[in-house]
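> First, the structure itself, so that you have it in front of you.
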Amino acid sequence: MRKFTLNIFTLSLGLAVMPMVEAAPTAQQQLLEQVRLGEATHREDLVQQSLYRLELIDPNNPDVVAARFRSLLRQGDIDGAQKQLDRLSQLAPSSNAYKSSRTTMLLSTPDGRQALQQARLQATTGHAEEAVANLFNGAPPEGDIAVEYWSTVAKIPARRGEAINQLKRINADEPGNTGLQNNLALLLFSSDRRDEGFAVLEQMAKSNAGREGASKIWYGQIKDMPVSDASVSALKKYLSIFSDGDSVAAAQSQLAEQQKQLADPAFRARAQGLAAVDSGMAGKAIPELQQAVRANPKDSEALGALGQAYSQKGDRANAVANLEKALALDPHSSNNDKWNSLLKVNRYWLAIQQGDAALKANNPDRAERLFQQARNVDNTDSYAVLGLGDVAMARKDYPAAERYYQQTLRMDSGNTNAVRGLANIYRQQSPEKAEAFIASLSASQRRSIDDIERSLQNDRLAQQAEALENQGKWAQAAALQRQRLALDPGSVWITYRLSQDLWQAGQRSQADTLMRNLAQQKPNDPEQVYAYGLYLSGHDQDRAALAHINSLPRAQWSSNIQELVNRLQSDQVLETANRLRESGKEAEAEAMLRQQPPSTRIDLTLADWALQRRDYTAARAAYQNVLTREPTNADAILGLTEVDIAAGDTAAARSQLAKLPATDNASLNTQRRVALAQAQLGDTAAAQQTFNKLIPQAKSQPPSMESAMVLRDGAKFEAQAGDPKQALETYKDAMVASGVTTTRPQDNDTFTRLTRNDEKDDWLKRGVRSDAADLYRQQDLNVTLEHDYWGSSGTGGYSDLKAHTTMLQVDAPYSDGRMFFRSDFVNMNVGSFSTNADGKWDDNWGTCTLRDCSGNRSQSDSGASVAVGWRNDVWSWDIGTTPMGFNVVDVVGGISYSDDIGPLGYTVNAHRRPISSSLLAFGGQKDFPSNTGKKWGGVRADGVGLSLSYDKGEANGVWASLSGDQLTGKNVEDNWRVRWMTGYYYKVINQNNRRVTIGLNNMIWHYDKDLSGYSLGQGGYYSPQEYLSFAIPVMWRERTENWSWELGASGSWSHSRTKTMPRYPLMNLIPTDWQEEAARQSNDGGSSQGFGYTARALLERRVTSNWFVGTAIDIQQAKDYAPSHFLLYVRYSAAGWQGDMDLPPQPLIPYADW
C-alpha cells in the first residue's frame, strides 16, 4: 500500500513538472542565444565558448555552422569561412542561415564592400528606395548589417511599419544591441507609438552601455510637455527609472517647478487647458482656457490656445476672434506661424459656413460674396469653388455650375460634392449623359454617388416598365419593377407599382401578398397606409381600404390620406344613391344625397342626374351653385356647356366652354368631356386633336374608370369620324382599362367573346362590352339565306293559301349604319276552284257570280322582289319592289326616324307597303278570260305611323303603335284604315341571358270599307269596320354560349263587325250588260267574336364563328284569321362572331311584311 502511494506521488510530481520541462529552452537554444549575445556585445570569448560546446552537441545544425562561418570571417580567415559556407550549402541550401551567410561573404569582398558603401550613400542622400532595392534582394545578413538595412527601409513611408516590426524581431533575438534599441525607440516615437518607444528605452536602460543614451532620449520626449498633471506624472516616471546624470538633475528641478506652478489654481487651469488643446480635447480645454483668459486678458498664449480649441470644435467665428486677439497682443510670439495658419484656415471655413447658410436661406448673392471671400483667403482649396458652383446651381445657371464643379475636381479629385453636382447637372440634361459621366469616374468617386447611380438605374427601369405597361405587357413590366425593388428595398411606391402590374398580369394573389407584407413591415408608415388604401380601393375593396386606413392613428393622417378617406366615404354614399336611382327611386336617392354635408361632388352628381333626365333648369341651377363656391370648377363649367348643348343653344355652349381655365394639369375626365363637347358643337378637328392627345395618355395609365371612359368615348368618336377600324382597336384598349380583361385581345374570336355580357359587370364594363359589340356587328358583312313557308285555310281558288318565300339578304357596313341588299322569291298557291255538276266554278270570285266560269281551276303565281336600304340607330329607309312576275308589280318602301324623350322611345315612319295576306291583295289576279279578263288586286298601304315604348330595364314595360293608311290597288276600290295597338308586359325573370314575360295586349282597328271579298273590285284583305281584341302573351327567351331560343304562346279574345258592302264596288269594271245584276249583289255584313291562340318556337345555333343556323314555327288560330309559318335559315358572318347570341333570334322577315 505504501509503495502504491509513493508511485502515485511520483507520477503526480512528474505530471506537474512536465509543462515546465517542455517550456524550458534546450541546451542548443541557450548556447545559440549566447552566441548572438556575444556577437551583439562584441565578446568574442563568449562566442567561442558557446560554439565549442555547440559543435560537440549538434555539429550539423545550420545555425551552428553559420555562427562558425561568421566567427572565422571576423578573424579574417576567408578560406576557413568559405569552407564553412560550402558545408552549409550542402547541409541546408534553402535555409535563411545559408542565404544570410552567402550575403555576408559577398560583403567581405571588395565588390561587396563597394556596393554596400554605394547603398549607404544613397540612403544618406535621401534615395532610400534605390538603396533598399540594391541591398540583399530583401534578405539581409544577420547582425549590424540587418539593423542598418531595416533602418534604411524605415525611411520609406509605405514600409515603415514593416521595418519597425523587423527591428523589434531583431531586438528580441539580440537584446543587448543598444544601437538597434536606440534606432528602434526613435522610430517608434516618430511614428507616434510612444508607449512602445518608452518600453524599448526601459529595456535599453537595463544595460550599462545603453543607460545614458536611453536617459537622454526619454527626457527629450517629456521635457517640452505643457505643464499639467500629465507632465508631472511623466517626470515622476522618468525619475523612477533613472537616478543620475545631467538629465536627471534637470528633470528633478523641472518637476519641483511644475509642482509649484500647479499649486496656483489660475496657472493650473491655464496649464490643463493648454495640455487639453495639445491632446485634441477641445471640450475640456475651452472652459479651462476661458478661466485663464479671464484671470489674464493679455495672455496671448492662452488666447491663441483658446482659438485653437474653438477651431478643433468647429466654432470658426470664436476661433477667428481669439486668434486675432492673440496675434495683436504678441505679434512676435513663437506661436505666430501656427496662429496665422489657424487664422487663415478658420477665416476660410467661416466664410464657407456663412456662404452655405446664405445659400440655404435662398440668398445666392450674399453666398456668392462669401464664397469669393473664402477663395481670396485660400485659392488652393476646392470648397470655395464648390460653393460658387452651388450658387450657380441655385440660379439655374447650369453652364457656370458645370465649370465651377469641373474646376473643383481639378483642384481636388476627391471632392465628392463636386462629383455629385456634376452628376445632377448631367442627369437634368439626359440620363445617358449622366451615365456616361459616372462611367468615367474612379471607383472611389463612383462610390460617393452610388445613390445617384442607383436612382438613374431606377429611373431607366421605371421608364422601361411604363413603356411595357402602356403596351399591356404587365408580366414583363413586373419583372422590371422587381429589379427596381431590389435597388430600393422596402420602397412603398415601387411595391405598389409592382403589385399593380402583377394584378394586371393575372397574378392577383401574389400582388395582394406583396401589399400585405409591406403593411406588416411598415405598419405605422403613412405612405404605406395611403398606398395600400389606394391599392384596395382601386380593386373594388373600398371597405377594406377604409378599415386599413383607420388602423393608423388619425393624428398621423396626411392630407392625401384624408382626401382618400373623403373620396371613399363619398363613393359609398354615391354608390348607395346610384343603386336607388337605378332601381327607379331617383327621388329617394336625391333626398339621401341632399342630407349629406355640403359637397361639390354630390352637387355635381345631382346636376348630372338632372341633365340626364332633361331637367335643364334644375341642372343649370345645380351647376351654378357649384360655381358660386368654386368659380373655376371645370366640371361645373363643362356641365353648363352640356346643358346648353342639350338645349340647342350652341352659342351659349361655346361661351361656357371658353371659360374653362387653361391648365396643363387637367384630368383625363375633364379633357374627355371637353372633347365630347367640341364634337357635339361640330368642332370635329378640335375634338380630333383633343382625343389624339388623350387616347395615348389613357393607354399609358393603369386600368381605371377615368382611362376606360376616355378610351370608350375616344372609340365612339373615331367611329363617328369615319375610322371604325381604329375605333375597334381602341375598344380593345378600353376593355383592358375598364377591367374587362387583363390582356389585350389579339384576334376577332377573343375580342368578340369579351363582348359577352356578365352579370357582375358595373355600368362601365357593361357599356364598353355593348358599344364594342354594336360597332363590331355594324362593321361585319353578313349573308342570310332563309326559306319561309306559311299558309292559311280558306276557299280553294282564292283564299286557301300556301306560300313559299325564299329570301337572300346581304348586310354590309356603310357610314355609321348598315346597308342591305334583299331579294325575295315568292310562290303563292291558293288552290283550285270547286265546281258544280255542270263543271262550273262554284265560287264568289272575279265576275263568276255574273257569268259562270269553267276550265282551269288552279290559281297560283310567283315572282321575285328586290330591295335595298340602310339603317342606323336613328334613321332607316328602304326601297324595293313587289315580286316581279305577279300580275301587279309596284315600287314600295319606307323611311323612319327614331329617338327618345326621357325614358319614352318613339319612332315615326312613312311608308308604302303591300298587303300580303292573300294572292289577290299581294300580287293581283286576272278575271276569267271569257268574262272580262281584267287584272285587279295588288293592294298597297300608303301612310304614316307612330310607335312608342317605355322600358327602363326594370320589371315593367309598355308599348303602343298608331298608324293610318290609304289603301289602294289596281282596279280595287280605295279604302283607308286606322290601327291602334298597345301592350303591357311584366318581366317575371329579367336576366341578361334569360327573360320570361307575361303581359296584356290590346288592338283596335277600323277600316272604312269591308273589301275582304275576291270579286272584281274587291281587295281580298281583312278589313273589318270594327275590330277589338285582347290577348295575354307569355314568352320565354334564353341564350347560352352557342344557342338562343324563344318559346311563346298567347290566348286571345276578339270581336269584329263588318258592314254589308256591294259585291262589285267599281261598276266601271263591269260590262254594261251585267251592271244591273252586279248592282243587286252584295256581301252581307255581320259581327262575330271568339277566342283564339298562338304558339311560337324559334331556335338558333352558332355552328362556328362564321356560320349560324336557325328555324322557327308559328301557329295561329283566331276568329276569321289563322295563318301559320315554318322557316329555316342560315347566316354567314364574314368577320366571325363569338359574342352574345341574339335574344331573341332574328330571322329574316319577308320583305312584303315590313
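Using the three backbone atoms N, Cα and C, a Cβ is placed for every residue, glycine included.
In case it helps, Swiss-Prot gives these features for our protein:
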type	residues	note
REPEAT	62-95	repeat 'TPR 1'
REPEAT	266-299	repeat 'TPR 2'
REPEAT	300-333	repeat 'TPR 3'
REPEAT	348-381	repeat 'TPR 4'
REPEAT	382-415	repeat 'TPR 5'
REPEAT	458-491	repeat 'TPR 6'
REPEAT	600-633	repeat 'TPR 7'
REPEAT	707-741	repeat 'TPR 8'
SIGNAL	1-23	signal peptide
> Looking at the repeat 'TPR 6' (458-491) alone, can you tell me the average pLDDT?
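The predicted confidence over the repeat 'TPR 6' (458-491), as a mean pLDDT, is 90.
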> Given the repeat 'TPR 3' (300-333), which of the listed stretches 62-95, 348-381, 458-491, 707-741 has the most Cβ pairs that are under 8 Å apart from it?
348-381
> When the repeat 'TPR 3' (300-333) is classified with DSSP, how many of its residues are helical, how many are strand and how many are coil?
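Helix/strand/coil tally for the repeat 'TPR 3' (300-333): 28 helix, 0 strand, 6 coil.
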> Can you break down the repeat 'TPR 2' (266-299) into helix, strand and coil residue counts using DSSP?
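Here the numbers are 27 helix, 0 strand, 7 coil.
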> For a three-state summary based on DSSP, what are the helix, strand and coil counts in the repeat 'TPR 8' (707-741)?
29 helix, 0 strand, 6 coil
